[in-house]
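These come from TrEMBL:
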type	residues	note
ACT_SITE	17	active site
DOMAIN	75-153	domain 'GHMP kinase N-terminal'
BINDING	103, 104, 105, 106, 107, 108, 109, 110, 111, 112, 113	ATP binding site
ACT_SITE	145	active site
DOMAIN	217-290	domain 'GHMP kinase C-terminal'
Ligand code: ATP
């Protein structure tokens, strides 16, 4: 038995993500938008412990406000565990103990990270050995961002965001992440973008969404200055329109030495790209001095992994 399986308990860590580029296309007949995204996994982690149990249960705690996280069958991690059990015909259950550090409903894919962690944990706990391709298939059934939380690193996502291909990213990118006290609902932000586009307040998409080649080039060249020039998030205008106070924080971060500030995914978390770790520290200090929570993280980091004791 491996050390991670001691006492029939498995510990998995999964990262939150930032969208370095996010283009939103037309809404499809299934209600989802066609998107093109450049994801980066960053060093803000969800920890999940899975223990053998008769039923399927979950407890949630963490360094962020977890009051919005369901602890019943709506919990995405619990649904992931059930999916693995169903897939392999496992008759027992599991208790999941989730410790969250990724802001809830913050646009950093925290729930998706929990689900990816639960897939990996149950696979190890029950000795299923499903392999990457099969876990990826299960992940895609759970949500658009779950496959990326499994994969980690830096990747391009198309379709709903779940058709992934790895992107070559050299070196390390330093980010300062500013979570908001209250989350934003992802469907609400998409609906608001649709409304803004319908009113012609924002230009509608032209053609199929695609990640700007300059972004891929900047990642390959480990060049944060070039990356900052080409980052874009189509959901940003909608998130800022729903939460106008975020604009001031974006301005403050950029005045404090960040190369660029952007809304992460559907927000309201903001991410500031710094040219190096020292500058990131300065941005973090300036934002903290303004009374904001500011976390210095870096990417890319690995996806959901079993942590050996
Ligand atoms: P994304 O960027 O993937 O759209 P997000 O990061 O904005 O998502 P999450 O923190 O993943 O948001 O949570 C979105 C909603 O999902 C929460 O408001 C909550 O009701 C529900 N949810 C279900 N399971 C979980 C979980 N394990 N952790 C957090 N939220 C969960």
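Glycine too: its Cβ is placed from the backbone N, Cα and C atoms.
Unlike curated entries, TrEMBL annotations are predicted automatically.
Here the features listed in TrEMBL are placed on the structure.
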residue : record           : DSSP (3 states)
17      : active site      : strand
103     : ATP binding site : coil
109     : ATP binding site : coil
145     : active site      : coil
Using DSSP three-state counts, the residues of the domain 'GHMP kinase C-terminal' (217-290) come to 41 helix, 11 strand, 22 coil
Neighbour count check, CB within 10 A, over binding-site residues 105, 113; minimum at 105
Using DSSP three-state counts, the residues of the domain 'GHMP kinase N-terminal' (75-153) come to 47 helix, 9 strand, 23 coil
Model confidence over the domain 'GHMP kinase N-terminal' (75-153), as mean pLDDT, sits at 96
Apart from the site residues 103, 104, 105, 106, 107, 108, 109, 110, 111, 112, 113, the 8 Å Cβ neighbourhood of the ATP centroid comprises 16, 102, 265, 269
Other C-beta atoms within 10 angstroms of the C-beta of residue 107 (ATP binding site) total 31
Listed in sequence order, the residues of the same chain lying six or more positions from residue 145 (active site) whose CB sits under 8 Å from its CB are 17, 39, 109, 112, 161, 162
Candidates 17, 103, 113 (recorded positions) with CB under 6 Å from ligand 1, in sequence order, are none
Across all protein chains shown, the one of the binding-site residues 103, 109 with the most other Cβ atoms within 10 Å of its Cβ is 109
